[in-house]
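Student: Here's a structure for you.
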Amino acid sequence: MTAQKSKYFNRIMTMNTLLFSLLTVGFSQAYADVVLEKQVKITDDGLHFDGKDLNHGNIDSADPGEKYDFFFGPNISAHGDAVKTYKHYVFMTWYKGGKSERNVMLSRYNTQTQTIATIEFPHRHTGFRGNPLIGESHNTIGLAVSPNNGTIHMVYDLHAYDDNNHDGKFKDDFFRYSFSVENAADLPDDQFTLDKFVKDTSSISQGPDDYKHISMTGDIADKSNFARLTYPKFFTTTDGTLLLYMRLGGNNNGAYVFNRYDEETQTWSKFTKFNENNQKNFGNPYNWGLYGNMKYVNGKLRVGFQQRSSDNNDRYQYQNGVYYAYSDHPEGFGDWKNHKDDEITYPLVNSDEIKVLEPGDYISHQEANSVYIVGSFDWTVTKKGDVHFISKVRSTNRSRPDYEEEYLHSYKPAGADEFITTTDFTGASQIYTAGDNIYIVGLKNGRPYVERAKGGTNDFVRVYEATSGPVFDHGTLYIKDGKVYYYLMEKTSGNAMPLYLQIIDLDLESEANAPQVAFPSTSLTVEQGYEQLSLGIDATSSIEGRTIESVTLYLNDELVRTDTTVPYLFGHASKPHETGAMGWKDEHEPNPNPLGPGEHIFKAVAVDSEGDTGLATMRLTVQSNAPMVSFPTQLIEVDEGYEKLSVSVDASSSVEGRTIESVTLFINGEEVRTDTTIPYLWGHGSKPHETGAMGWREDHAPNPNPFLAGEYVFTAIATDSQGEQSETSMTLIVNGEATPPIVTWPNEVVTVTEGYKRLGITIEAEASSENATIESVTLYRNDELVRVDTKYKWNFGHSFAPYEFGAMGWLETHEPNPSPLLAGTHTFKVVAKDSTGLEGEAFMTLIVLPPAGPSISFDEPDIELMTGYESLSVSTYVATVNESVDIISVALFIDDVLVRENLEAPYVWGDANHPNELLSLEVGSYEFKAIARDTNDQVSEVSLLVSITLFGDFDGDNDVDRTDVRAFSSAIRSGEALDQRYDFNEDGVVDRSDTRGLTKICSRPRCAS
């Protein structure tokens, strides 16, 4: 769909007389006071990454010393879903600094007693892909407290891990979930301790002090449901149910998944997908990932995101679009709809079903990868149902001469059919809601500020800004019951920095009773010297019985006047100057202090009969009467030794009767010459050297001081007949001797496995001079010519030339490469040649590894069963070494006897289609072996031990006799948990009355005696 577009422009008033009546369309909502209620320091030792921002090219150079290098970003504490409230407590998660500590921490602040209790967990941040020398900012700690049973829940320190990736470093530890016993959240400070959290005592526990659980269901057999997840975020529904959402998969092939907490069983459900990943498998033309959030707002589970497509040849460098959906199911398990309330496919496959708008439409670029839509994206929904998105779009290349950038605010007021999109928005990274308002909360010069607007509008007003106190580096926040809980890290130094909590009261209660105040418009533009500006203020109370006592007007925070009678009119004929106007009647003396050029803020404060106040603001822009002056262009580039440069200046006055007296040119602050006649021209034939040129006519002597390579700022100052001045600037870049093209590989080192099917690489090549173009890019392999490419894009190894990097080929039309690259190290060189004949080169190392077999693991731990068992199934997780290799089959053997060979996933035995194939095993131990074979003919295997014991054999002697009967009776008396199969009399419990049933299966006579 096409969203409604609306670009807002201030109205420029060309007449000198203005009269604003109460009928003028426009509105600015009244607001009560927003105040900092409390600030408290939580710790001095929050972990922060203070080293280098690494990438895949220098990942092996991490600092082993004190500096903490990082991947993705420097923030990990006061980051992510790290602050929540429960009753009168505020809970905060963080990692302990410095670099050698890294423990997971949980702090609880009691707002009544002002005390802080902190728990230190044994787990330490494992670092980027398991390297503790490199911090990873994505490994945040998600936090929730159940309002229904006081349990605390944390998911942390993970980024799409599973048993097999990153060299198996996260085997049996790829998901980290910790939870407390009931009512731990309320305990006194001295009892708020680590032992209130439940240890992992499963067969894959990491040790006696392991508080991390790999599954949230309570069953480690479900662990595969918790693999490859990132970005934990908890929600609380209107009835107190906890939900958790995470991202499954990667950047351009992912899904949002969520699950639910059951207070009765104190376990969580398995994850449910909002959308499918691997969307091509479900008929979509491409795979896509999500960059945004799932949120529970206004009583519903919702999603809002930008899409990152696997199509790398569209005009978007990374993300595109704005997408939105919501669920009418109380916990999101179905009934999903788009913003038009149309039902959508669930799980979602085609994202176009929920597309709202395309930010890329707000700039003009159409070339491949020319549009950049990353960052400054968020969304929210108000209590009454206004939907708001903020986003940013810009040119990918910041250096291009036609660079474009727009901040967008797209909103759909409750009850509206379409979204309104405005570029009259200064931008933000997050947007929040409380009640019917929307908020922007952030840091300015390191201190918090709050801006607020009524939902369904773009009328943002700054209602709070701190001007003193600590200077902060970053923070994350949570809004609850009209208060902002802003969790912040102070900007100091090192890898252990202080953490603070600020509680900011949004004063929603007072706002509900506050008078409603409105200017005729939220903004206005006038010309300098305007004669009349009459402002009628509308002030009313929505509370029955209340009246407006007064309206006070302020101009730039200076008191103008208080009016106590309707109409509340300022700048009328008796007081023409109070709004900055000159005056318009014959009896009006000219204003001795008119408003000068620039922006000015009018503020109206209304007081009602109960003393409650409301305010509104209006921005007035006064345009200057100074001359208008401009160069033809803002940037000129020439080559060193240029012969001619004539520079003209356009200067005029917008005020009738005024003329331009002179224009003076300065270069790098040094005066060149003043010109008093049109055209205002420098560097003409009579003065060829004044702009740094050599001269171009035979009668021109060579310039003894020509401009050398560098940057020069030309400034023109125009003066009009009233002595008013304006200036403008232009930059001249003098290029030195031409430099060769810049050519780069996406990665300087690429590693593949022998037999790889596909390797295509696009080379970046750019001429150093703006006047030159790239004519060709030539590829060499181990110093042998591969191909000369003369057409952009510089793409090698594509489907029409699949063998250029030694690959086998991947399409049905590709014959197998007769000379593939074998295991070893190979050097590739590209040479870019520009239109001036200059050449630049770059090298790439291709490492071909010997073929590796697939990775395979059983999804189950070792199994123990008793004879007579009724069901048994096992499954394997199998992955190839890379996407170019496929699995041919997985076969299961029991003690080297083939059970069945599976030719396609899922690789399960004993499933519904083959329920009996693993039954009837006799007493003994069996080796279950799964063997996987891939298209490289590589084989890997994994084994599982299955032990079958005799039903009723308690002493392990392979028969059932009186000794076993006595052992059974003893177990009953001591209260041991026994298998439900021993409930012989089928009364629902295993007790002494079942002893007779055991005697009936004795394998020896006189068993009961």
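Placed from the backbone N, Cα and C atoms, the Cβ positions cover glycine too.
Quantities reported herein were computed from a predicted structural model and do not represent experimental measurements.
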Student: Among R308, R315, R398, indicate the single residue that Swiss-Prot lists for the substrate site containing S137, H138, Y291, Y372.
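Tutor: So the substrate site in Swiss-Prot includes S137, H138, Y291, Y372 plus, from the candidates R308, R315, R398, R308.
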Student: Swiss-Prot has D210, K212 down as binding Ca(2+) 1; which of D195, D200, D222 does it also list for that site?
Tutor: D200
Student: I'm trying to understand the geometry here, so how far is the Cα atom of Y316 (Ca(2+) 2 binding site) from the Cα atom of R308 (substrate binding site), in Å to the nearest whole number?
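Tutor: Pair distance, Cα basis, whole Å: 9 Å.
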Student: Drop a 10 Å sphere on every Cβ of the recorded positions H138, R247, R308 and tell me which sphere holds the fewest other Cβ atoms.
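Tutor: Fewest other Cβ atoms within 10 Å, among the recorded positions H138, R247, R308, is found for H138.
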Student: How many other Cβ atoms are found within 10 Å of the Cβ atom of Y316 (Ca(2+) 2 binding site), counting all protein chains shown?
Tutor: 27
Student: How many other Cβ atoms sit within 10 Å of the Cβ of S137 (substrate binding site)?
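Tutor: For S137 (substrate binding site), the 10 Å Cβ neighbour count is 17.
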Student: Take the Cβ of Y372 (substrate binding site) and count every other Cβ within 10 Å, whichever protein chain it belongs to.
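Tutor: Excluding its own Cβ, the number within 10 Å is 21.
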Student: Specify the nearest of the recorded positions H138, R247, D314 to R308 (substrate binding site), where nearness means the distance between Cα atoms.
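Tutor: Of the recorded positions H138, R247, D314, D314 has its Cα closest to that of R308 (substrate binding site).
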Student: Listed substrate-binding residues S137, H138, Y291, R308, Y372 - what's their greatest C-alpha to C-alpha distance in Å?
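Tutor: Farthest-apart Cα atoms in S137, H138, Y291, R308, Y372 are separated by 23 Å.
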Student: May I ask which of the recorded positions H138, R247, D311, D314 is closest to Y291 (substrate binding site) if we compare their C-alpha atoms?
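Tutor: Of the recorded positions H138, R247, D311, D314, R247 has its Cα closest to that of Y291 (substrate binding site).
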Student: When the Cα-Cα distance from D311 (Ca(2+) 2 binding site) is computed for each of the recorded positions S137, H138, Y372, which gives the smallest value?
Tutor: Y372
Student: Of the recorded positions H138, R247, D314, which sits closest to Y372 (substrate binding site) by Cα distance?
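Tutor: Sorting the recorded positions by distance from Y372 (substrate binding site), the top entry is D314.
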Student: Work out the three-state DSSP category of D314 (Ca(2+) 2 binding site).
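Tutor: Where D314 (Ca(2+) 2 binding site) sits, the three-state DSSP reduction gives coil.
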